Amino acid sequence: MSQRQFKVIIIGGSVTGLTLAHSLHKIGIDYVVLEKRDTVTPQEGASIGILPNGARILDQLGLYEAIEDEAPPLGATRIHFPDGFAFTSLYPKRMRHSFGYPIAFLERRQLLRILYDALPDKTRIHVNKTMSTIEHFTKDEITGARVLTKEGDVYEGDLIVGADGIHSQTRGEIWRRINSSKSAFKTAEEYSCCFGISKCVTGLIAGEQVMHMRNGRTLVVIPSKDEVVFWFLVEKLDRKYTYSEAPRFTIDDATALCSQVFTLPIGNNIKFEDVWNKREVVNMLSLEESCLSTWSTGRLVCIGDSIHKMTVNLGQGANCAIEDVAVLCNLLRNMCQLKSGTRPTEQEIDLLLRRFNKQHLSRVTQITNMSKLTVRVHARKGVLHRLVGRYVMPYFGAYFEARPFNMLADAASLDFIPLPKSSYPGWEKYSSKTRGNSRLLPLMFTLPLLYFGLSWIVGIYWKPGYLHAWNS
């Protein structure tokens, strides 16, 4: 068999795709990135949060210092409720002290620029290349896969990775090959999100986030450096939609929604209307919630938003995708080392991708489920979520934050690069290897805590007519 170097074709110049490019470079695997737009740094009005699980991998790749320069760390969150109660959560500060990395928000375009600028060979990035067809081929005793673009170009390689987002063409090709259908894409769209970036907003403190948890909606405002403010407003839709029937929104829809929260205070005598009036870019879309169980077939695999999609509240969408990259690259590196320069067969690649799917699915499912819970607590969906948000979080928040800390501590990383900041206590303290895998013990403590906590709440706050006022 020919000794031609193993090559990966990456569909999509996304955060996921560019992170994969950096990781492949580290292990000496040839690659090419195909992006359908005319730039890999488009302005979409979106911010992105980098949390410790994603930050650690980016730090391994030598990319995190540039992110730190752009994004002031979150130190606290001021959380407001409909009844006028508010409290300050130091969850972001405790996260940084535990894991060494803060919650850092920056423009998605800024992160894409950082990833692109740091690439050692930008000639591997091809814009204006829209995938048209994927074929398997045999040529001169060499087998592989090729991508044909609508522009008439042909790219050949051994593995095709779809990092092309929620509307993934690569995923569609996988479905076609396994005789599946779009009905298998069991995404639910129960919430919408209007998000934007405002500039020249004076009077707010960088790194002090503000959240309003209302009935059916959540407003989050994140002041950053240089008087830039990131914000998003999540709204519960009138019903649950499927992927194909989800509503589309206009700027008029965004304006109408945001006008309903103009009077909400952000701090220092600033209302949300003041932030809205300084907007630079605004967008609105429905939020998908999904986690596919099948990610690959043959020489094709999907990662990132093309296989798992979450709402913005937990901030794990990009971070989970970065973990996808780490798990896949660890397996690819091991395979290439075992082959000692001989290109793997299609059967060997297919087996590796199935192993990737099986190994990482439970982790992705865990994060997706936590994201689903978070958006519903923030939007106060139903009595239980309202009780947790209003009466458990303010008083027992430090106890219940152990669950997301457990999730962070069990994050994947690149196993061939030393771990930075591994001396921070949270990575070991909250790891499943340290705490064990038993779910019974946490439950034994959690249920009594909820019982006595809710009994205390009812005893203090219950009075005739109170429940009606609380639900309004």
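Using the three backbone atoms N, Cα and C, a Cβ is placed for every residue, glycine included.
These features come from Swiss-Prot:
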SIGNAL    1-24  signal peptide
BINDING   Glu35, Gly49, Arg108, Asp305, Ala318  FAD binding site
CARBOHYD  Asn128  N-linked glycosylation site
CARBOHYD  Asn179  N-linked glycosylation site
CARBOHYD  Asn369  N-linked glycosylation site
TRANSMEM  440-460  transmembrane segment
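Features recorded in Swiss-Prot, as mapped to the structure shown.
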{"residue": "Glu35", "record": "FAD binding site", "Cβ neighbours (10 Å)": "23"}
{"residue": "Gly49", "record": "FAD binding site", "Cβ neighbours (10 Å)": "20"}
{"residue": "Arg108", "record": "FAD binding site", "Cβ neighbours (10 Å)": "19"}
{"residue": "Asn128", "record": "N-linked glycosylation site", "Cβ neighbours (10 Å)": "14"}
{"residue": "Asn179", "record": "N-linked glycosylation site", "Cβ neighbours (10 Å)": "6"}
{"residue": "Asp305", "record": "FAD binding site", "Cβ neighbours (10 Å)": "27"}
{"residue": "Ala318", "record": "FAD binding site", "Cβ neighbours (10 Å)": "22"}
{"residue": "Asn369", "record": "N-linked glycosylation site", "Cβ neighbours (10 Å)": "13"}
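With a threshold of 8 Å between CB atoms, the same-chain residues lying at least 6 positions outside the signal peptide (1-24) that come near it are 30-37, 40, 48, 57-58, 61, 63, 108, 111-112, 115-116, 118-119, 124-125, 127, 131, 140-142, 144-145, 147, 155-165, 168-170, 303-305, 318, 321-322, 324-326, 328-329, 332, 336, 341-344, 414.
A distance of 15 Å separates the Cα atom of Asn369 (N-linked glycosylation site) from that of Asp305 (FAD binding site). Note: the CA-CA distance between Arg108 (FAD binding site) and Asn179 (N-linked glycosylation site) rounds to 35 Å.
The shortest Cα-Cα distance between Asn128 (N-linked glycosylation site) and any of the binding-site residues Glu35, Gly49, Asp305, Ala318 is the one to Glu35.
Spacing of Ala318 (FAD binding site) relative to Asn179 (N-linked glycosylation site) is 29 Å (Cα to Cα, whole number).
On the backbone, the CA of Gly49 (FAD binding site) and the CA of Asn179 (N-linked glycosylation site) stand 37 Å apart.
For the pair formed by Asp305 (FAD binding site) and Asn179 (N-linked glycosylation site), distance between Cα atoms is given as 22 Å, rounded to the nearest Å.
For the pair Glu35 (FAD binding site) and Asn179 (N-linked glycosylation site), the C-alpha distance works out to 27 angstrom.
Residue annotation for FAD gives Glu35, Gly49, Arg108, Asp305, Ala318. The furthest Cα pair among them is separated by 23 Å. When secondary structure is read from DSSP and collapsed to three states, Asp305 (FAD binding site) falls in the helix class.
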